[in-house]
Structures are given as structure tokens and as C-alpha cells.
Amino acid sequence: MTQWYPASPALWQGRDDSIEAPDARRLFQAITRSEAFSPENWQQKIALMGFACDEGVKRNAGRPGAAGGPDALRKALANMASHQGHERLVDLGNWVAPTPDLEGAQQALRDAVSRCLRAGMRTLVLGGGHETAFGHGAGVLDAFAQESVGIINLDAHLDLRQTDRATSGTPFRQLAQLCDAQSRAFHYACFGVSRAANTQALWREAQWRNVTVVEDLDCHDALAQMTQFIDKVDKIYLTIDLDVLPVWEMPAVSAPAALGVPLIQVLRLIDPVCRSGKLQAADLVEFNPRFDEDGAAARVAARLGWQIAHWWR
């Protein structure tokens, strides 16, 4: 059974510069850490949650270790400077999945996300493998059952694989099937896709599903496509698989990208998403601290989380 645990206060530590000025604060001083999973007490805040699960990565024959991602990313975030928006962050702890119950873990995350959104919070989830996306996305669909939900994925992979059980490579096929079951449109856009990392069958599935696909080679000039997608939906779920970044910026993932989309381009793409007023949920997935020798990759990932919270409108 998937268990919930509050985040350890030891994760939120950093340098105290407050003697210099009242606004010389860092995230560890701005964030609120909750000892209970009580989203109803935190309306209009951003729920920071961890999904400590990499069973989907294991099933997908990837490199395990992403279950340690949430706490590693908290440590990297803690000492970053606090600016506008960061005071809204409330750490609502980790969902920890016992191997091999991926389906139970995804259901627990789904219920938690739906509860947060219905309570008036927004959700920022730290994975975990990209199996995070099915639980997170399903929770968003549940919470906004009468509205059109757009799923924006920055990823080298389409993650539309067809297998006999859920993996880190199946979340968007699962979400498509959930939309089918609910008789609602499946709005999915994937930016940063590597043609070399996706089979022809996956491209065919994406075409059949009317997925908006932008390859890694074209992301330098994709703002118009991003804006068009934002305009056609009511609510947005943003998911960032860190393997969208080039290996020289992000080696600490299951499948590092030989080409990838540089961090500066990723930030430019998500800027209008965060400022759109439609973003309800976001996550960072696939960070694997086992392959981060000096903490540099954690800082890259943390900058994305920091920027999302700062820009979020």
C-alpha cells in the first residue's frame, strides 16, 4: 500500500542571509512544510509533493533510482533565493510506493492531486519516473471533468507505448484511454521529441491521436505552436521529463539525450504556459540522483521548478 510521509525538515536547510535585509530570504525560509496531508487548509497555494516511485522505469528496462528524486530536488531547491511566488509553496510530503505496486501508487497520487485541485490548490509534483504523469494527469482530469484539459509534455519520448501493463513509457496512452472512457477530447502536445528515440509505430500512434508534436530540432522556433495549443484549452497540465535536456546539462536520467533541447529553450517554451492563467498542475520527472556526481544536475532540475513557481499565474 502506498504510504504518505511528511518531508523531513532536514531537507529544507540553507544559508541565512536575513541579517542583511528582511527580503534576503531563500526557499527554505519561504516554503511552508506541512506535517499532515491537508490541502483544504492551503487554498490558493501551490502543493509541492513528491512521488517516490520508479517501478515504471524498472518495467520499461530503464535505470532505476528516480525514487530518490523528490528529496534530492528539495535539497537543491532549498538554498535558492526566494522571489515572488515562492511564498505560495506548501510542502505536502511524499507518496512512497512499495515495489511493485505501481498501479496502487498511481491511484494514490491521482486521488491526492484531485483533492488538492478541488481544494483550490495547484500542484507541483517531483518525480519519480514518468509513470508519475498518469497519476498526476488523471487527477487533473478528475478535478476538471467539465473543462478541456491540455497536456503539455516536454520530453524526448512520446510515451505512447502499448504494453500489457503500465510503465514509464505508457502514461499518455493511458491518459488517452482515460479520455476515451470519459468521452472527452484528448489534447496532448509533446515538445522536444527525438525521432531517433521513437519508433515509427509511436509516430503513427501520435498521428492517429492528433498529437501536436515538435521535434528537438525545431524547438528553437516553437513558441507559436505552444501559444496555439494554450489557446485551445481551458486548463493545462505541464509535465517535464528531464531527459528532454541534452546529456551535457542532464546526465542524471534513465535515458540521457544525445541531442536534446537546451535549458534556455525549455524555459522560453514554458514561460507562456506558466503565465497563461490556465496552468493547474506541473511536474518534473525522471531525475535520478544516482547519476548526479556533484549535484549539478539537481541544480539544473531545481532551476526549472524554481522558475515554474516564480512565473506561475
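The backbone N, Cα and C atoms fix where each Cβ goes, and this holds for glycine too.
Site annotation (Swiss-Prot, ligand Mn(2+) 1) includes ASP155, ASP159, ASP241; from HIS130, HIS136, HIS220, the additional listed residue is HIS130.
In sequence order, ALA133, ASN153, ALA156, HIS157, SER168, GLY169, PRO171, PHE172, THR239, ASP243, VAL244, VAL285, GLU286 are the same-chain residues whose CB sits within 8 A of the CB centroid of HIS130, ASP155, ASP159, ASP241, the residues recorded for Mn(2+) 1 being left out. Straight-line distance linking the Cα atoms of ASP159 (Mn(2+) 1 binding site) and ASP243 (Mn(2+) 2 binding site), rounded to a whole number, equals 12 Å.
Burial estimate for the binding-site residues (HIS130, HIS157): highest at HIS130, by number of other CB atoms within 10 Å. Taking CA atoms as the reference points, ASP243 (Mn(2+) 2 binding site) and ASP155 (Mn(2+) 1 binding site) are 6 Å apart.
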